Amino acid sequence: MEAYNFQKVESNNSREIFIENKELEKKLLRKIDLRIIPLLTLLYLLSFLDRVNIGNAKLAHIEHDIGLVGVQFNWCLSIFFFGYILFEIPSNLILLRTNPSLWIPFIMTLWGLVMILMAFVKNFAELMSARFFLGACESGLFPGAVYYITTWYKRSETNSRIAILFMGTSFAGSFSGLLAYSIVRLDGKLGLKGWQWIFIIEGLMTVIVSIISYFLLSNYPEKTKWLRDEERKYVVERLKYDAGKAHVAHFNKKQIYAALTDWKVYLAMLHLSASSIVFYSYSLFIPTIVNGMGFDFVKSQLLSVPPFFCAGVSTLVVAILSDRKRIRSPFIFACSFIAIIGYILLIVPSIGIPGKYVGACIVGIGLSPINITSITWLTNNIAGHAKRGIATAMVLMCTNIGGALASQVYQQKDFPHYFFGHSICLGLLIAATCMSIIQYIVFETLNKRKKENPQSFLEGKTEEEIENLGDLHPDFIYSL
């Protein structure tokens, strides 16, 4: 049996000092990765698949079949995010007080059932209700999964893992087009339309996987049963060592207050609100954008696959590189520039269809890594389990506000060129890039203050207050 290195130090309070063992840590990480990441990625893939399949349903004539007119379809997209926003923070609070193996399968079962019932809506009001409850039930998965990953991995390890999780969105987009292309062939079977079969089959997939996940999903490191005692101790201690004196593992209501009053969290919320409008408008409308280039409905489904695939690959590559370099902001700046080029190609009228389609792929390559690396950047710079959990939910709540607004960006009246929608996305992307630069300046300034005058962060505080400073502790250096 391999030994994990801890050293006993005798002092007024006997404690153990953690000593890193890179070789053993590498083996342990591989074991954790295989147990946690593939399952989480599958769950999020299903979540995003159930979220965006309404775009495929549109191409299968749901609007005509239930009598949607004007911008009613866009409102059916937006209402999902209202449900998501309302229940995102409450869901993470419940997750903090319970076990992931219970809460996540439970909400998955709920949204799978809502997805199945959505196949039987008859009008605008019923579709609006179904989409609202779908958002409410899905709201706990992604913020919960991001927080869950931060309880298992060090700050320098999180981006690549969250990126793999986030790749579920890109491959869900690709898979959605291929799956919808196959499912709509059932049109007329058992008296059901093609879009109804999309909702039924994909909802059943979610329910089945949710039941399986109850038996496979792990709890937090301190509670998990598939690690040996020595391994469990090593995982917990290395996370404490990574956070240093900023580590706060216990649930503390003061941490919730700290998250709600931290202006750095609100700056991240503004940044991700802007970038998320762009990301969700791209995710929801790429089949429609491709259709506007002159392709028929069937080919549009298939041609929506490559942009999502490019987005997934670039997300993973950027995440791996940023974890290895242990920096976030330069990759955010570079990806923003790439996405801006893509939107310029989509906007310029003189560019032909091949150039615009390449532009759509370039947007995916740049856009997808921005959100995931920005979310990781925030979680890297928040210390304390409860504060990080609430801050993560707050930021992701804003991404979904962006999603609600994104549903209104591309409207049928702008078909086929969607100049207005592309222009809005370009402007918001430039604004988001500027906000990310401000975040970089803020973190760099705070790091400089911590190094030059660490005592200024501790003056006038009791020992208990110092222990609960979290990321404000001078020993905690912000990731750039």
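Start at 1 and count along the chain as shown; that gives each residue its number.
Any Cβ shown, glycine's included, is placed from N, Cα and C.
Positions annotated as domain 'Major facilitator superfamily (MFS) profile' by TrEMBL: 36-451. Per TrEMBL, the feature transmembrane segment maps to 32-49, 69-89, 101-120, 132-150, 162-183, 195-217, 263-282, 302-322, 331-351, 357-378, 390-407, 419-443.
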Close approaches to the transmembrane segment (419-443) from elsewhere in its chain (Cβ under 8 angstroms; 6 or more beyond its ends):
264, 267-268, 270-272, 274-275, 277-278, 281-282, 285, 329, 332-333, 336-337, 339-340, 343-344, 346-347, 349, 367, 370, 374, 377, 381, 409-411, 478-480
Let me check one thing: do the transmembrane segment (101-120) and the transmembrane segment (32-49) come into contact, meaning three or more Cβ pairs under 8 Å with sequence separation of at least 6?
yes
Intrachain residues whose Cβ lies under 8 Å of the transmembrane segment (331-351), provided they are six or more past its termini:
278, 289, 314, 318, 321-322, 358-367, 369-370, 373-374, 377, 417-419, 422-423, 425-426, 429-430, 432-433, 436-437
Top Cβ-contact partner of the transmembrane segment (32-49) among 69-89, 195-217, 263-282, 302-322, 390-407 (pairs under 8 Å):
195-217
Any chance the transmembrane segment (132-150) and the transmembrane segment (302-322) are in contact, meaning at least three CB pairs closer than 8 A with a sequence separation of 6+?
no
Report the mean pLDDT of the predicted model across the domain 'Major facilitator superfamily (MFS) profile' (36-451), rounded to a whole number.
87
Long-range environment of the transmembrane segment (302-322) - Cβ separation under 8 angstroms, sequence gap at least 6:
159-160, 162-164, 166-167, 169-174, 176-178, 181, 286-287, 290, 295, 328, 331, 335, 357, 360-361, 363-369, 372-373, 376
Range from 69-89, 195-217, 357-378 with the greatest count of C-beta pairs under 8 A to the transmembrane segment (263-282):
357-378
Select the range from 69-89, 195-217, 390-407 that forms the most Cβ-Cβ pairs under 8 Å with the transmembrane segment (357-378).
390-407
